[in-house]
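Listed features, source Swiss-Prot:
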- C126: active site, proton donor (ACT_SITE)
- K22, N23: phosphoenolpyruvate binding site (BINDING)
- R102, R131, P132, V133, D134, L135, D316, I338: UDP-N-acetyl-alpha-D-glucosamine binding site (BINDING)
- C126: 2-(S-cysteinyl)pyruvic acid O-phosphothioketal (MOD_RES)
Amino acid sequence: MDRIRIVGGNKLNGTIPISGAKNAALPLMIAALLTDETLILENVPRLADVALLQRILGNHGVDIMSAGKRPGDREHQGQTLHISAANIIDTTAPYDLVSKMRASFWVIGPLLARMKEANVSLPGGCAIGTRPVDLLIMALEKLGAEIVIDGGYAVARAPQGLHGAEIEFPKVTVSGTHVALMAATLAKGTTVITNAACEPEIADVADCLNKMGAKITGAGTSRIVIEGVEKLHGARHAVLPDRIEAGTYAMAVAMTGGDVQLQGARPELMQAALDVLIEAGATITQTNEGIRVQRNGSGIRPVDVSTSPFPGFPTDLQAQLMALMTRAEGSSRITETIFENRFMHVQELARFGARIALDGETATIEGRPKLRGAPVMATDLRASVSLVIAALAAEGETMVNRIYHLDRGFERLEDKLSACGATIERISG
């Protein structure tokens, strides 16, 4: 199993190209199921989750061709995928694939809309009554689907096709919004989604769907209106830059000090995170190429932050911010309001000497002037990269184990950091 070795203490200086957003690329790939023509997606990141979704779509009979730079090439370029779902041969998404990635459950919407049926395994680890898929299923039922849970599968049918509906989510749900949006494009009549998630990735998916012939307005706001159409066609679309990746590297620069250009990053996608970084002592400048992040001389200032849906501070940057605050000059508080049990990185950060106390969904971090390198273990995607950020500033050597989590969401992380002066390497085996 691969590991990452880091020797801390180097400032980061240079340019980091920002990859396409995983959280847009996955639903965009799934949207290809809505048409029998070819969807061409540019700037798709080379990630383990993208490769897994290719396998899942292939199981349905989808043909995918890839072009672009190969892993290991020094020059960054996202791959281009040509996705053709002309011949869907199977509407079942089996447990052995869906259990590996929750977002793969989203195929239920496009399959139901186009094929009028879908049998999709429930994602692993979903307790009855607290499943994130409950709101998603509710939305599809509003659109006229008949869905029963049988043997761990959502068995969905819409013999007469889907119809427009008023869908009001009781709480903001990214997955529910994505699936309702995709399914409603082929429904008869008008669908109105209220209390919709406002994430930029949802607006990006809607933009692509409109290029395919959908009639969607309001995506990126809490009220989305979809006029159903009879058929969607092929299109070409470039995945928007990954605001979470950009925010992660920005926090790494704030942690180590230095001066880095985040090439392709868009400040309007991540203003809440940039505001927090400025409060913490970083200098942020918008440039023609993206965003420039600097911290030279001044210390890291403590901040108090609560996660919230877009445009608030994203939960996917919470662990990275906590790593940064371990070296702040004072006490910080971070409250997690989106997900339960998202403080699994606390125990591993403590191995560096971090002082973090938990009280329910709030973490209090007492900043320390120095961290020390240690062997640590990644527990999930965002937690794993927080350990890398801590290691970059720690004295001595750190070995990060179970880095397959990193490969799910960060393209060539060690190459990008190494190019900016970090002492970091992947150790295979």
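Positions of Cβ are set from backbone N, Cα and C atoms, glycine also.
Swiss-Prot feature annotations superimposed on the structure.
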residue	record	Cβ within 10 Å
K22	phosphoenolpyruvate binding site	25
N23	phosphoenolpyruvate binding site	26
R102	UDP-N-acetyl-alpha-D-glucosamine binding site	16
V133	UDP-N-acetyl-alpha-D-glucosamine binding site	22
D134	UDP-N-acetyl-alpha-D-glucosamine binding site	14
L135	UDP-N-acetyl-alpha-D-glucosamine binding site	19
D316	UDP-N-acetyl-alpha-D-glucosamine binding site	23
I338	UDP-N-acetyl-alpha-D-glucosamine binding site	18
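For the pair formed by D134 (UDP-N-acetyl-alpha-D-glucosamine binding site) and N23 (phosphoenolpyruvate binding site), distance between Cα atoms is given as 20 Å, rounded to the nearest Å. Between I338 (UDP-N-acetyl-alpha-D-glucosamine binding site) and N23 (phosphoenolpyruvate binding site), the C-alpha separation comes to 16 Å. Comparing V133 (UDP-N-acetyl-alpha-D-glucosamine binding site) with N23 (phosphoenolpyruvate binding site), their Cα atoms are 17 Å apart once rounded.
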